[in-house]
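Read through the structure below, which is laid out as structure tokens, and then see the notes.
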Amino acid sequence: MAEVTNCAAIVLAAGAGTRMKSSTQKTLHEIGGRSLLGHALHAAAGLNPEHLVVVVGHQRDQVSPAVDAISEELDCAVSQAVQEEQNGTGHAVQCGLSALPEFDGTVIVTNGDVPLLRPETLRQLHEAHTGEANAVTVLSMTLEDPTGYGRVLRADDGSVTAIVEQKDASEEQRKVREVNSGVFAFDGAVLRDALTKLNSDNAQGELYITDVLEIAREAGHRVGAHVAADPEELSGVNDRVQLAAAGRLLNRRMVEEAMRGGTTIVDPDTTWIGVNVTIGQDVVIHPNTQLWGATTIADGAEVGPDTTLTNIQVGAGASVVRTHGFDSVIGSNAQIGPFTYIRPGVIVGEEGKLGGFVEAKKTQIGRGTKVPHLTYIGDATVGDYSNIGASSVFVNYDGVNKHHTTIGSHVRTGSDTMFIAPVTVGDGAYSGAGTVIKDDVPPGALAVSGGKQRNIEGWVQKKRPGTPAAEAAGKAQDAKANDQTTN
């Protein structure tokens, strides 16, 4: 495909989107971990345009900062033009063109609520537009059921004679299955001139961009249409139902891309993959798994089932089962889960383990270190090849401030150990079960706490008479006495 040159793009994002019934501006709703407007701008930026303009209007206090953030993400300058009063698509393009006062090349106009459009399709539109020497080129699509869409009518030479809306179409015209998508390529000079001739003499009292086609034809210019290969790319989003439908279509695209890249996805219907996720080869993803943000899954890892990872780096060969994790790193060949909660700032070393019902936060765990089960570990550093016993708690919060715990390498702690931070446990140290560690433990030492166990005989029967426990104790004592008598 030829390189795109002398091109600008205008993305329309000024509408109110009332059918979304939301305090969030329509184009800022997300699918695949990216806003609708973000998807549209990524597609337009794929043209490498000389100028990229977003027309903002309704709730621009929300949209403008979002545009700035997307511009930074794309590393691409994005201008903003304001449509103070939403007076139709033609008026919106007038506002966008005001940001391009000296530009007369090809102007691509697309919409901020069409998230599935690929850059390749826009490049094909540009190529058809310039290759056919059109003044206007409509990006059209062929639908099995075109009801509700404006029909694209063509002359014998293939040029477009008109776009007729459903309500204005004759019975014969309604049989046409090629329809307008609302995406166009314009000759900049022709567009600039035609916009001055638009009028609002219509039922809505608005300026329509589709009227530019008739104005261009009357001026003797050629109007053409390029049929998109996949109509699903041009699915617009106007309400929550369409938002969900577009999300499913995008996710199917992401899942199929992953499988073609060498990933086994056991159940594509219950697997969700965001657009910024990277997955290696020979990865296995089990059902009910969601991967979001900048999550990366290295070769040979296994994720799921019932797992949600957001901004997580998973190393090669690691296993992550029934885990919710955020903003953390899991080393190669590490084992995570089941029922593990990884909060931001966790680094699990190679061959490390966070087991069942473990919650970790802002913690670095060394190579081969295991936290097997029923443990909270937060604000801690643990060295290599240590083992934290079951039901241990890193007591990091004093009610005002968080404090750090440092555990050395080759440490073995007994079950139900409490680490009262700030505290340090040296290399090779041990702790007994039930130990409360309030002071530093030297390397190689055994830490124990609590006095000798004391049993108060008969306490239950004296203090809790008549209870099932007292009755059970009495029976046991009687049985013991009978055994002694018999013997």
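Glycine is no exception: its Cβ is also placed from the backbone N, Cα and C atoms.
Marked as active site, proton acceptor by Swiss-Prot: H373. Taking a C-beta cut-off of under 8 Å and a sequence gap of six or more, H373 (active site, proton acceptor) has these contacts in its own chain: G355, G356, F357, V358, A390, S391. In the three-state DSSP reading, H373 (active site, proton acceptor) counts as strand.
Per Swiss-Prot, the feature UDP-N-acetyl-alpha-D-glucosamine binding site maps to 12-15, K26, Q83, 88-89, G150, E165, N180, N238, R343, K361, Y376, N387; the stated evidence is sequence analysis. Within 10 Å of the C-beta atom of Y376 (UDP-N-acetyl-alpha-D-glucosamine binding site) sit 18 other C-beta atoms, taking all shown protein chains into account.
The Mg(2+) binding site annotation in Swiss-Prot covers D113, N238. Remark: N238 (Mg(2+) binding site) has G17, R19, M20, K26, D113 as non-local neighbours, by Cβ distance under 8 Å and separation of at least 6 in sequence.
Sequence-distant neighbours of N396 (acetyl-CoA binding site) (same chain, 6+ residues apart, CB-CB distance under 8 A): G378, D379, A380, K402, H403, H404, T405, A421. Feature annotation from Swiss-Prot assigns acetyl-CoA binding site to A390, N396, Y397, S415, A433; the stated evidence is sequence analysis.
Summarising the annotation, Swiss-Prot assigns region 'Pyrophosphorylase' to 1-240 and lists sequence analysis as the type of evidence.
Within the chain carrying the region 'Linker' (241-261), a Cβ under 8 angstroms from the stretch's Cβ atoms is held by residues 20, 29, 31-32, 36, 39, 115-116, 232, 235, 268, 271-275, 277, 279, 281, 285, all 6 or more beyond its ends. Per Swiss-Prot, region 'Linker' is recorded for 241-261.
Confidence in the region 'N-acetyltransferase' (262-487), given as mean pLDDT, stands at 97. Residues or ranges marked as region 'N-acetyltransferase' by Swiss-Prot: 262-487.
Using DSSP to sort the residues of the region 'Disordered' (449-487) gives these counts of helix, strand and coil: 24 helix, 0 strand, 15 coil. Annotation comment: Swiss-Prot describes 449-487 as region 'Disordered'.
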Spatial separation of S415 (acetyl-CoA binding site) from Y376 (UDP-N-acetyl-alpha-D-glucosamine binding site) - C-alpha basis, Å: 12
From binding-site residues Y397, S415, A433, the one whose Cα lies nearest R343 (UDP-N-acetyl-alpha-D-glucosamine binding site): Y397
Max CA-CA distance, Å, over listed acetyl-CoA-binding residues A390, N396, Y397, S415, A433: 22
Nearest-integer angstrom distance between the alpha carbons (Cα) of A433 (acetyl-CoA binding site) and G150 (UDP-N-acetyl-alpha-D-glucosamine binding site): 75
Residue from L12, G88, G150, N180 whose C-alpha is spatially nearest that of S415 (acetyl-CoA binding site), among the binding-site residues: L12
Cβ neighbour count within 10 Å of R343 (UDP-N-acetyl-alpha-D-glucosamine binding site): 16
